[in-house]
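Below is one structure; the comments refer to it alone.
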C-alpha cells in the first residue's frame with residue numbers, strides 16, 4: 001500500500017488582508033505557524049462573526065481556534081481545504097468500502113482499459129506473512145490465468161480489447177490491485193477517519209486510514225488535533 005499527498009489547498013492571504021486587514025500565516029509545513037489548510041479553516045470561521053481581532057486568548061491561536069471548532073462540532077469551516085492523495089496497491093475490496101464515503105472524489109484505474117494479467121494480489125493483513133499467503137497467491141495466479149484465457153478467447157471471437165476485458169474482469173478477485181486519485185475536504189477525511197480508523201473497521205482500510213492520518217498531521221495538524229494516534233476503540237470504548 002502506498003499513500004502519498006498529491007495536492008493540498010494553497011491559501012492566498014491578500015484578499016483577507018485587503019478586505020478585513022486580517023493577517024494570516026500560511027507557510028505550509030512550518031511548525032511555528034499554521035499550515036495553509038489550518039489557516040483557511042480559521043479564516044473562514046472568523047469571517048462568520050468578523051472576529052478578526054482575536055480578543056479571546058483561548059481562541060487567539062490557530063490550534064486554540066480550531067480546537068474550539070472541533071469541540072463544538074462546527075465542522076463546516078473545514079470543508080474549504082482539501083487534500084488529494086495518490087493511492088496505489090490497495091485492493092478492489094478497499095475501493096468498495098471507501099466509495100461509501102460520498103463526499104470523496106475518485107479517479108480509478110479502469111479494469112476495462114488496463115490489462116490486469118500481470119498484476120500482484122493485495123494480501124490482506126491477516127494473511128500477510130503467514131502460512132496462508134502462499135496458497136492465497138497461488139489462487140490469485142489461477143484467477144489471472146482464467147482472466148487471461150477469457151480475454152484471449154473473446155479476442156479470438158472478434159471482440160475488441162475493451163469488450164474482452166470488460167467481460168473477463170468479472171473473473172478478477174477482490175484482491176486485484178487498484179491505483180487511484182482520491183480528493184476530499186478536511187471534513188470528509190475526518191469522516192473517513194472516524195469510521196475507518198477504528199478497531200472494528202476492515203483491517204486494510206484501517207491501515208489506509210492510518211496512512212491518511214499521518215499525512216494530515218503534516219498538512220493540517222490543528223484540524224485533526226483530536227484524532228487519536230491509535231485506532232478508535234483501542235481502549236475498549
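Counting begins at 1 with the first residue displayed.
A Cβ is built for glycine as well, from the same backbone N, Cα and C atoms used for every other residue.
Under the heading domain 'ThyX', Swiss-Prot lists 22-230.
Marked as FAD binding site by Swiss-Prot on the basis of similarity to another entry: 76, 100, 101, 102, 185, 186, 187. Within the same chain, residues at least 6 positions away in sequence whose Cβ sits under 8 Å from that of residue 185 (FAD binding site) are 78, 79, 80, 81, 82, 103.
Feature annotation from Swiss-Prot assigns dUMP binding site to 97, 98, 99, 100, 110, 111, 112, 169, 196; the stated evidence is similarity to another entry. The Cβ of residue 97 (dUMP binding site) lies under 8 Å from the Cβ of 196, 202, 205, each of which sits 6+ residues away along the same chain.
What Swiss-Prot records for 100-110 is motif 'ThyX motif'. Within the model, the motif 'ThyX motif' (100-110) carries an average pLDDT of 98.
All chains included, 26 other C-beta atoms sit within 10 angstroms of the C-beta of residue 196 (dUMP binding site). The active site, involved in ionization of N3 of dUMP, leading to its activation annotation in Swiss-Prot covers 196.
The number of other CB atoms found within 10 A of the CB of residue 187 (FAD binding site), across every protein chain shown, is 18.
Considering only the binding-site residues 99, 110, 112, the residue whose Cα is spatially closest to the Cα of residue 186 (FAD binding site) is 99. Pairwise Cα distances among 76, 100, 101, 102, 185, 186, 187, the recorded FAD-binding residues, top out at 20 Å. The secondary structure of residue 110 (dUMP binding site), as reduced to three states from DSSP, is coil rather than helix or strand. Of the candidate binding-site residues, 99, 110, 112, the one lying closest to residue 76 (FAD binding site) when CA atoms are compared is 99.
Here the binding residues for dUMP are 97, 98, 99, 100, 110, 111, 112, 169, 196. Their largest Cα to Cα distance works out to 29 Å.
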